[in-house]
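Quick notes on the structure that follows.
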Amino acid sequence: MDTNEKALIMDQDKLKRTLTRISYEIIEQNKGIDDLVIIGIRTRGVPLAKRLANKIEEIGGKEIPTGVLDITLYRDDLTTLSEQPILKKTEVPLDIKGKKVILVDDVLFTGRTARSALDAVIDLGRPKHIQLAVIVDRGHRELPIRADYVGKNIPTSKKELVSVKLTELDGEDKVVIEEL
Amino acid sequence: MVLKRKDLLGLKDLSKEELELILDTADSLKEFATRKYKKLPTLKGVSMINMFYEPSTRTRASFELAGKYLGADTVNINSSASSVVKGESLVDTGKTLEALGVNIVVMRHPMAGSCKLLADNVTSSIINAGDGTHEHPTQALLDMMTIREQLTSLKGKKVAIVGDIAHSRVAKSNIWGLTKLGAEVALSGPPTLLDHNKFTKLNVTCHHKVEDALKDVDVVMALRIQKERQGTTLIPSLREYARLYGITKERLSLAKKDALLLHPGPINRGIELTGEVADSLKSRINEQVTNGLAIRMALLYLLSGGEQNGNIA
């Protein structure tokens with residue numbers, strides 16, 4: 001798919017500041033860091049979850065457990081896709097019963113990924129609550145879902161693509177709008 | 001990489017990449033088998049039938065649970081309780097199931113090639129759960145998964161398969177799969193159950209003396225003596241077979257120090273292997289069963305996804 005980079009939304013510093021702000025918001029809203037578990041939704045939610053956990057640990061002085069969620073098995077469109085998605089591991093190495101789960105993803109768009117992630121987390125146990133943190137909310141929701149922590153709201157057209165690039169996967173940190 | 005196939009009939013015609021995709025998918029699904037709540041919505045609305053024309057405990061239960069865990073609707077049919085006893089042909093049975101909207105048929109049949117016959121005549125996906133002496137692809141895949149999991153890779157690993165090679169569909173599927181992924185395979189069995197001329201063409205070595213096959217191998221795979229297929233004409237007695245080919249502690253010590261012992265089950269204790277060996281630390285027989293569930297879930301997932309397969313809308 002050919003795309004043109006249309007606008008730079010966040011550079012490395014801005015992304016760093018955004019993650020710091022979200023970290024403080026998470027601590028504030030949860031009245032501390034007890035029982036927090038941060039779970040990244042594959043693929044880009046995973047490094048973002050790790051960064052948030054590190055930041056919260058830096059501020060709160062206590063290690064925050066993290067996990068990785070693959071939502072492929074919970075998609076509602078598996079049999080209508082032209083090609084089946086590659087399945088990757090879900091790794092949540094602790095019992096989430098009674099924990100405060102923060103789900104992390106890069107972009108919130110239709111809400112279908114978040115819905116699948118909610119189902120996937122609930123199948124792992126009964127958390128106290130689940131909150132959602134995203135770097136960009138670009139609108140166009142198809143389900144009644146909203147994020148608890150948003151890096152930036154970016155109204156987009158459906159022809160545009162919001163791309164969050166991360167050093168761990170893409171070699172650089174930035175958020176851009178691309179046009180299809 | 002995707003698995004663009006309607007059916008899974010054997011490992012002979014699968015590419016190395018397809019084999020790796022199935023094994024990787026099964027690795028990802030294994031975590032699920034250890035969960036408290038085992039029910040996924042992935043195959044909601046998909047229906048599958050287990051059609052078993054031969055007795056089976058673990059394969060059938062494994063397929064049925066794999067389907068149920070993924071959210072499919074599963075039904076079991078035994079040949080003794082089906083229209084087969086009334087004389088209905090296999091293709092007609094298949095057409096009936098197709099008319100009932102069945103998406104996936106898992107079939108075990110005493111005739112080699114029966115799954116291919118069914119697959120050619122119906123639009124449902126057919127998974128071979130063992131056809132005569134031809135292939136048993138899911139068993140070989142779970143063996144390969146167990147070896148890969150324990151030894152990281154199959155490349156360059158030496159695997160000895162001991163027993164009734166001639167009648168073993170497990171051995172045949174394993175030969176195709178293991179050699180494609182770079183393992184070296186050594187076969188051993190009585191001359192009546194292992195035709196050197198036939199098997200050496202498949203890039204494997206054949207040994208009538210079991211000790212020769214076991215030397216320095218990473219994996220020892222004992223096969224079940226199939227009393228139901230060979231009658232009693234091909235080996236003088238089970239006792240003699242056990243004495244010459246049975247895996248004992250002494251024989252197992254010829255393999256590498258940390259070698260694995262596999263057996264497709266059910267075990268004839270004291271014949272293919274001694275009870276002591278079957279319960280030893282080298283035995284991975286129970287892991288094989290768990291991995292079998294993951295392999296079957298992986299196949300149901302891979303054969304069901306994607307419109308391009310054209311099998312499930």
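Cβ atoms here come from the backbone N, Cα and C positions, even for glycine.
Annotated carbamoyl phosphate-binding residues in TrEMBL are B:Arg58, B:Thr59, B:His136, B:Gln139, B:Gly265, B:Pro266, and among B:Arg5, B:Arg108 the one listed with them is B:Arg108. Rounded to a whole value, the Cα-Cα separation of B:Lys86 (L-aspartate binding site) and B:Thr59 (carbamoyl phosphate binding site) is 26 Å. Across the residues annotated as binding L-aspartate (B:Lys86, B:Arg169, B:Arg224), the widest Cα-Cα separation comes to 32 Å. In the three-state DSSP classification, B:Pro266 (carbamoyl phosphate binding site) falls within coil. Sequence-distant neighbours of B:Arg58 (carbamoyl phosphate binding site): residues of the same chain at least 6 apart with a C-beta under 8 Å from its C-beta are B:Gly265, B:Pro266, B:Val289, B:Gly292. Maximum C-alpha to C-alpha distance over the listed carbamoyl phosphate-binding residues B:Arg58, B:Thr59, B:Arg108, B:His136, B:Gln139, B:Gly265, B:Pro266 is 16 Å. Looking only at the binding-site residues B:Thr59, B:Arg108, B:His136, B:Gln139, the one with its C-alpha closest to B:Arg169 (L-aspartate binding site) is B:His136. The CA atom of B:Arg224 (L-aspartate binding site) is located 13 Å away from the CA atom of B:Gln139 (carbamoyl phosphate binding site). According to DSSP, B:His136 (carbamoyl phosphate binding site) sits in a coil region rather than a helix or strand.
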